[in-house]
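Per TrEMBL, these features apply:
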type	residues	note
COMPBIAS	322-337	compositional bias 'Polar residues'
DOMAIN	94-157	domain 'Potassium channel'
DOMAIN	193-269	domain 'Potassium channel'
REGION	307-337	region 'Disordered'
TRANSMEM	21-44	transmembrane segment
TRANSMEM	136-158	transmembrane segment
TRANSMEM	179-204	transmembrane segment
TRANSMEM	216-233	transmembrane segment
TRANSMEM	245-265	transmembrane segment
Amino acid sequence: MLQSLAGSSCVRLVEQHRSAWCFALLVLGYLLYLLFGAVVFSSVELPYEDLLRQELGKLKQRFLEEHACLSEQQLEQFLMRVLEASNYGVSVLSNASGNWNWDFTSSLFFASTVLSTTGSYGHTVPLSDGGKAFCIIYSVIGIPFTLLFLTAVVQRIIVYVTRRPVLYFHIRWGFSKQVVAIIHAMVLGFITVSCFFLIPAAIFSVLEDDWNFLESFYFCFISLSTIGLGDYVPGEGYNQKFRELYKIGITCYLLMGLIAMLVVLETFCELHELKKFRKLFYVKKDKEEDQVHIMEHDQLSFSSISDQAASMKDDQKANEPFVNSQSPTSNDSSLNN
């Protein structure tokens, strides 16, 4: 008997704190996923970094041996200045691109990456203090404005792309709404991946001389997922043809791709199964608290009504002496008549 009572009490305790346990497991899983990513990236990339360091050290040593008149300190000063200028897109190489980093098309591309929070690409960053200050003010106002714009666009598109097709197949053909929603989400995701990842990656691999298909797909994913590492910059190749038109096209591609990604995410978030899964990690509202809030709201409304009634009674009382004072004279005059 005692064991059954203890077991039932444990079950009740677990059910009461189910969301807290799920949230704790979510936090633990996220931390483990971070550690897993750090271990994998370190084990994969660290050997390549070591090889690159050894290669650069050998090149530096060979250069100093061939040019004995140049000291190591002078060479390092020259290289530091060259690398500092290279970080801002200015190169001393003869085969470097002669395009400006802050012409109109490059500035338009930079503004789109700032407002969409994808991050700057390459070396297009503000150099002056005025440009840095304006970038801060422009971002503070523009990022919420962009979020409002994207939210409004996505909410309008998802009505025609997701909700109406699902209701059409559910009502017209009699299929289960949940099954139709899952199939629709999978089809929409496949179309989005094809139109905004696979096909653009193939186009970038043709237009960019130094990019293969994997690097092009990597650029599309990093850009549309708003990670924006900036290690691959389109349209910066040597003697790039139609560079201005190319930059404008990439700007339009990023905005349209970001909208498509948000539509797909919103479609998946509306699935019934995902809604049930997300509720496992949310704090459940207590019904008693909701009733208390309703009672407080009703009391406030009743008190406001009683206050209005009391004020109306006060107004009537204030007007009653005037009416009573006038009534006897009127009665006397009527009697005299």
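Any Cβ shown, glycine's included, is placed from N, Cα and C.
As a summary of secondary structure, the domain 'Potassium channel' (193-269) carries 54 helix, 0 strand, 23 coil according to DSSP. For the domain 'Potassium channel' (94-157), the model's average pLDDT works out to 81.
Each residue in the domain 'Potassium channel' (94-157) gets a DSSP state, and the totals come to 41 helix, 0 strand, 23 coil.
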